[in-house]
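A.B. asks: Take a look at what TrEMBL says about it:
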BINDING   G251, G252, P253, G254, T255, G256, K257, T258  ATP binding site
COMPBIAS  1-12  compositional bias 'Basic and acidic residues'
COMPBIAS  18-40  compositional bias 'Polar residues'
COMPBIAS  130-140  compositional bias 'Pro residues'
DOMAIN    59-181  domain 'RecBCD enzyme subunit RecD N-terminal'
DOMAIN    675-719  domain 'UvrD-like helicase C-terminal'
REGION    1-47  region 'Disordered'
REGION    120-142  region 'Disordered'
Amino acid sequence: MSRRTPTHDHQISLDLGDSTNAAAATPPSDTTGHGPTADTTRPFADPDSMEKLLASWQEQDWIRPLDREFACLIRTLSEEQGEHPEPLLILLAALVSHQVGRGHVCIDLEALLGNAGETLSLPPEEATAPTPPNQPPALPRPDQLLERVSQDQCQGVLGAACAASNGGQATPLVLDNNRLYLRRFWRYEQRIAEGIRHRLEQPSPMADTTSVEARTLSSALATLFPAGDEVDFQKLACALAARNRFAVITGGPGTGKTTTVVNLLAALQAVAGASPGRRGRKFRIRLAAPTGKAAARLNESIGGAVSRLPLAELPGHVSQDDIPTRVTTLHRLLGSRPDSRQFRHNRDHPLLVDILVIDEASMVDVDLMASVIDALPASAQLILLGDRDQLASVDAGAVLGELCQRAGAAHYTAETADWLRSITGAQVPDSLRDDNGSAMDQAVAMLRKSYRFHQDSGIRILADAVNTNALDEALLAKARQGAFEDVAILSAGPDREHARNQICHHAEAGTPTAFHNNGEGRLINGQPLPPPVGYHHYLARLRDHALDADSPLADWDALARQVLADFSDFQVLCALRKGPWGVEGLNDLIANQLLERKLIPRAEGWYAGRPVLVTGNDYNLGLMNGDIGITFSLPWDRDESGQPKPTLRVAFPASDGTDTIRWISPSRLQQLETVYAMTVHKSQGSEFTHTCLVLPDRLSPVLTRELVYTGITRARHWFSLFAGDETVLKESVAQRVVRASGLAEGLWG
Ligand SMILES: Nc1ncnc2c1ncn2[C@@H]1O[C@H](COP(=O)(O)OP(=O)(O)OP(=O)(O)O)[C@@H](O)[C@H]1O
């Protein structure tokens, strides 16, 4: 995305003089500390000028204090080693730190110098207003500074600096080929790549199709997957994942990732049971997800899938107990310690596990993935599940996306295709074959058929169109005219007040009238589906219950479970945090609407009905980032005269797979926010019966194809879209998240 800001090319030509070599143009630093007056218009003049410019960028919120401090630290370290650090080195240090803050693992120097404006997104969108008259000239921008800098200069400056190395020394900066890293992030990638490569190299007893293990796998898969005419990609995925110590299964919503993994675990336990070497010993399997919410969702679906397994027909004497149904968060599994990035389980103290399955792996950043790899015994099998098209992790990296970047065309070799035919009986389509496919390609499987959404589902059609950048006017017009039974497009045009009213009413009631046939008459698996709802639904249940001070705790727990389930029937999602179309503006707007309709007693502070989202892990309370609770007014306490006194408590579901409710006093909750509106980022790993996606009326760098796709696919049965300006929607879909990283190169070469 290009940014339009006033240019000050004359300043840049001053910076770099008539030299084409910025580094060469840099005058020597004055080591007395009384060097040239620091001047932000001449940032390459000396380190002081560069630091001063970084301070100005920080003041303008272009970069974080951390970015400037890191750059200053690099300068200090260099000077302590007797070097005169080049201003370009200080600039690159600040920029690589800035990029990590934006989710990149490194800076690709070629991309940086090719298009610094797009690569760095600096200045940030909100700071791009033209400079008013009589104001001091705008600050030099990084892209202007880098305009005449070459890769050779960067390589030269970094190569000569004691603060940087190729990773062979313990330097804070690492230059690996053309990618500049903060050392910590370079190590994460190395550890992940090593862990994956090591697993891919390990021989599998199933590779030999005549082995007991391979024959058992084949027979188990034949039992688990009924024969059909089409290629069953779930069966292929199971076979590939069973063969490899590392495997990835990716697929869109409802393509059967959970179903596949349950079948896979059953097949693996059958193999363990039949394997002569294991003497009946089954695998120790753990299931985990990055957030409490994602863990709870998998918990909900996995139990049912396990109970439907034809265990008695499987070889290897597999029992229900052999397939775990409890899903934990990765942080709990690894044993997180308060205020520490270190986990209890690590290389020296690995997990007792043979197979680890991680669901919603797109949310796992490089730091956490490296910790997972460290904590796994070298022989343990790692299986990642997720949707490669979703938003990447909030923190740095896009591990799943990178691992799946070749998943569409698969690249299965003849050897893999022959093995799959022998184990599953299926012929891999020619379009998925490639004799140059790498070991990594053979470990990735993509599920290609949606079982949740039928062919005509608007949610599915919109999501596919977004993914393929085919969201055109004809499709939007069709959706607007109510051609899809599960999609409603609510547009209010340029009148903001009207738009706000429309969102308010929608949030309250879910506007079933905007849907085809008022949302009535739909059947899901033969069962009638109630029309879409808004927040009135859960608030009415909270208001109309008949419990009192004498009601047993179990009844309150049951009510809380029901209210929490009702709350998950609707969720407003938005792209931004700030502004009228962001979380903050929409939370206020919706709370005031609900107050006006007397559904809540107040719109600020704590009150019965307030839904809250936990925004940071609280190990003491056992709450995880992403957990959602609803505030209740409970008659449990008594006043001096012995009368019931209403007390506020927040009900949270347990995230350990049990249906326990935890009642927590608001005063104990530290990091949270009201959640009538939630960012799409926060909604990852969750699904809602009805999702309303609100897009702002201005394009911003946050609005990307991945964000829109993730927003749409959070909807289980109903999706409503509020896009004040549909061109913003179309332009968002054209923007992609590309995160710089070297993981793919480390694995594919
Ligand atoms: N092979 C299949 N045949 C028929 N129905 C299936 C098949 N696989 C999955 N389903 C059904 O499709 C629905 C979605 O399956 P599942 O929950 O496994 O998908 P998922 O990819 O894990 O979904 P999510 O998007 O929630 O992560 C479930 O109702 C499941 O029973």
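Cβ from N, Cα, C; glycine included.
Buried or exposed, and what's around them? Tell me for each listed feature.
C.D. replies: In this view, G256 (ATP binding site) is surrounded by 21 other Cβ atoms within 10 Å of its Cβ, with every protein chain counted.
In this model, the domain 'UvrD-like helicase C-terminal' (675-719) carries an average pLDDT of 93.
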A.B. asks: Looking at Cβ-Cβ distances, which residues of the chain lie under 8 angstroms from G252 (ATP binding site) while being 6 or more apart from it?
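C.D. replies: Correct list: D387, D389, L447, S450, A463, N467, T713.
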A.B. asks: Please list the binding-site residues from G252, P253, G256, T258 whose Cβ falls under 6 Å of any atom in ligand 1.
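C.D. replies: Result: P253, G256, T258.
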A.B. asks: Taking the center of the Cβ atoms of G251, G252, P253, G254, T255, G256, K257, T258 at the recorded ATP site, which other residues in this chain have a Cβ no more than 8 Å from that point?
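C.D. replies: Filtered neighbour residues, in order: D387, L447, S450, Y451, R452.
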A.B. asks: Of all the binding-site residues given, T255, T258, which has the fewest Cβ neighbours within 10 Å once its own Cβ is left out?
C.D. replies: T258
A.B. asks: Quick one: give me the count of other CB atoms within 10 A of the CB of K257 (ATP binding site).
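C.D. replies: Step by step: centre on the Cβ of K257 (ATP binding site), count other Cβ atoms within 10 Å, giving 23.
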A.B. asks: Within a 10 Å radius around the Cβ, which one of these binding-site residues has the most neighbouring Cβ atoms: G251, P253, G254?
C.D. replies: G251
A.B. asks: Per DSSP, P253 (ATP binding site) is which: helix, strand or coil?
C.D. replies: coil
